[in-house]
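Participant: I have a structure I would like to understand better, so I am pasting it below and will then ask my questions one at a time.
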Amino acid sequence: MKERDSESFEALSQVLPNTSNATHMIQMAMVNSGSSAAAQAGQDQLDRSKWLLDCPEPPSPWHELKSQVMDSFRTKAKRFKSLRKQPLPKRILSILQAVFPIFGWGRNYKLTMFKNDVMAGLTLASLCIPQSIGYATLAKLDPQYGLYTSVVPPLIYALMGTSREIAIGPVAVVSLLISSMLQKLIDPEIDPLGYKKLVLTTTFFAGIFQASFGLFRLGFLVDFLSHAAIVGFMGGAAIVIGLQQLKGLLGITNFTTNTDIISVLRAVWRSCQQQWSPHTFILGCSFLSFILITRFIGKKNKKLFWLPAIAPLIAVVVSTLMVFLTKADEHGVKTVRHIKGGLNPISIHDLDFNTPHLGQIAKIGLIVALVALTEAIAVGRSFAGIKGYKLDGNKEMVAIGFMNVLGSFTSCYAATGSFSRTAVNFAAGCETAMSNIVMAVTVFVALECLTRLLYYTPIAILASIILSALPGLIDINAAIHIWKIDKFDFLALIGAFFGVLFGSVEIGLLAAVVISFAKIIVISIRPGIETLGRMPGTDSFADTDQYPMTVKTPGVLIFRVKSALLCFANASSIEERIMGWVNEEEDEENTKSNASRKILFVILDMSNLINVDTSGIAALVELHNNLIQTGVELVIVNPKWQVIHKLTQAKFVNKIGGKVYLTIGEALDACFGLKV
């Protein structure tokens, strides 16, 4: 095949040494062939080239935006018209189903489903109650605020959410975010009331942002935190949370407010040299071992899924009895003491919009909103995929946003979907979001009746419960997988991990986002360029590095840019690399055949390019001028609508003699006057 290509090239190089444009080449090919079929083929190529050059003007960005908005309004208008045709009761029901999905699945709800949801909800509550108390202490709040957050938000989500399995409540990472960032504004130990107001105001802002993302379809903002960044951030946060629990596990009184690993380890070392409680440490480690053992048994035997779920509650009950009976609180074991019971108090008056820290609170609310949404949607989609249904991302954002806004009115801090509790809910056989309602009612009963019994609950047990939940946040397998697939993504993971570990939560998130954007910029500035060759026995052209068996056409270099945009950031680089390849190829040909062969054409496949700016066009003009000086002609293949329109407007198509074709095969036929 290579020999045939070489013979064709040598024959044509004598006929077409200085071809100026596509029309002349096709005419010469028709004259030489003396065939009506060749003439017809040449005319067809000209016609197809005109298709490209005579296409209508593409819509402007403003027109595209206007069309998208109008399409959205048309869709809503059609729904509204269809609603108007329905009877009033059906119309009201349709509106309620759109806003509150519970009116949809509730119509087909059965008693057997309710039994499964009750069992799942009770199992969920047994895990939720001790975890909520622990996460509230992690957020530097009184224990009851964790229980409050497990009552109202799950009820709101059950009405508005679309996930059947997700378990709503306080989570470790969000609790750490709130405490680590807000305690820089107000010390919770010096001014607990002022700190509580900041937490509730932050929750309000987080809910507003989350609901806005859903209402205005801005969910893409959540994608700024890539999967790799979240894996690294979660891993670093888990270690930071674990180190902070050493305060409760060791019975330390004075502890650092910093979250970086060096400050925490320094504080632990100093406290251990001065004063710590061995009784507290032994008690905490004993029940931590018990919880971890039950979790191991639950993984080995799926039928015992309930055992690790109720283990934290068992640990709370048994340790509370032990402290009460042995009076260990008089021997250095610190306890929870008073937990305020009763229904969530109204807290609208606690929202502080006159604080001088309002701007910083809004920023923290945005960060909390993004992290909470990322975790909730990831958890919801994972289990929705297992059950075989699709999660509505926009509705999820609206539901989570509204539950946090209303939660801030009822003494709740930021809630989201918990992976560990959702896994328990799924394993317990939940059918619908009714399990969240059962859990919320159970927690409310505990608030009404059981808070006094928690007076002697050791703080070390709360620390051990939080520690037992942390291994699920460190996903080593995901980190290894990311390392194998994409080293740049792994760099974002490492940046988030070490940023959280040695800096702060904000630094970790910032590092992850910066590295992710740097990846995009580097790919844009230095896009790959493929040299193409024909696959043997076919009319397809592919990357010569990926497919070494491809056949190169003598006298022709075919390039394809692996980028969607030819712009100021990458245009010069692409032009320089193409010229470098042309010069290198000519030097190689001169060395091999003593200048008997020469590069005549450079074919640039633009099938990947979606758009081009003025810098990109200027680079193409410079590339064309440089090629002309070396006796090489530039040919364009398969430009997209926006690209060919801008090239035509800039009169670049005229400069290259109209050599624009639909396929690489047609470009070769036009260049050489026969099919290669």
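Just so you know, glycine gets a Cβ as well, placed from its N, Cα and C.
What TrEMBL lists as transmembrane segment is 118-138, 166-186, 198-218, 224-243, 280-298, 304-325, 364-386, 398-416, 423-447, 453-478, 490-518. If you look up TrEMBL, you'll see 566-671 marked as domain 'STAS'.
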Participant: Is it the case that the transmembrane segment (224-243) and the transmembrane segment (304-325) touch, counting contact as three or more CB pairs under 8 Å in which the residues of each pair are 6 or more positions apart?
Facilitator: no
Participant: I'd like the per-state residue tally for the domain 'STAS' (566-671) from DSSP, helix first, then strand, then coil.
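Facilitator: The counts are 60 helix, 15 strand, 31 coil.
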Participant: Do at least three CB pairs under 8 A connect the transmembrane segment (304-325) and the transmembrane segment (398-416), leaving out pairs fewer than 6 apart in sequence?
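Facilitator: Contact criterion not met.
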Participant: Between the stretches 118-138, 166-186, 198-218, 280-298, 423-447, which one has more Cβ pairs under 8 Å with the transmembrane segment (304-325) than any other?
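Facilitator: Comparing 118-138, 166-186, 198-218, 280-298, 423-447: 280-298 has the most Cβ pairs near the transmembrane segment (304-325).
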Participant: With a cut-off of 8 Å between Cβ atoms, can you find at least three pairs linking the transmembrane segment (166-186) to the transmembrane segment (280-298)? Only pairs 6 or more residues apart in sequence count.
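Facilitator: Result for the transmembrane segment (166-186) with the transmembrane segment (280-298) is no.
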Participant: Is the number of Cβ-Cβ pairs under 8 Å between the transmembrane segment (280-298) and the transmembrane segment (453-478) three or more, considering only pairs separated by 6 or more positions?
Facilitator: yes
Participant: Please identify the stretch among 118-138, 198-218, 423-447, 453-478, 490-518 with the greatest number of Cβ pairs below 8 Å relative to the transmembrane segment (364-386).
Facilitator: 198-218
Participant: Which sequence-distant residues neighbour the transmembrane segment (453-478)? Criterion: at least 6 residues beyond either end, Cβ under 8 Å.
Facilitator: 130-131, 133-135, 137-138, 143, 172-173, 227, 231, 234-235, 237-239, 241-242, 245-249, 251, 280-281, 283-285, 287-288, 291-292, 295, 312, 315-316, 319-320, 323-324, 328-329, 333-339, 419-420, 423
Participant: Kindly state the mean pLDDT of the domain 'STAS' (566-671) in the predicted structure.
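Facilitator: The average pLDDT of the model in the domain 'STAS' (566-671) works out to 87.
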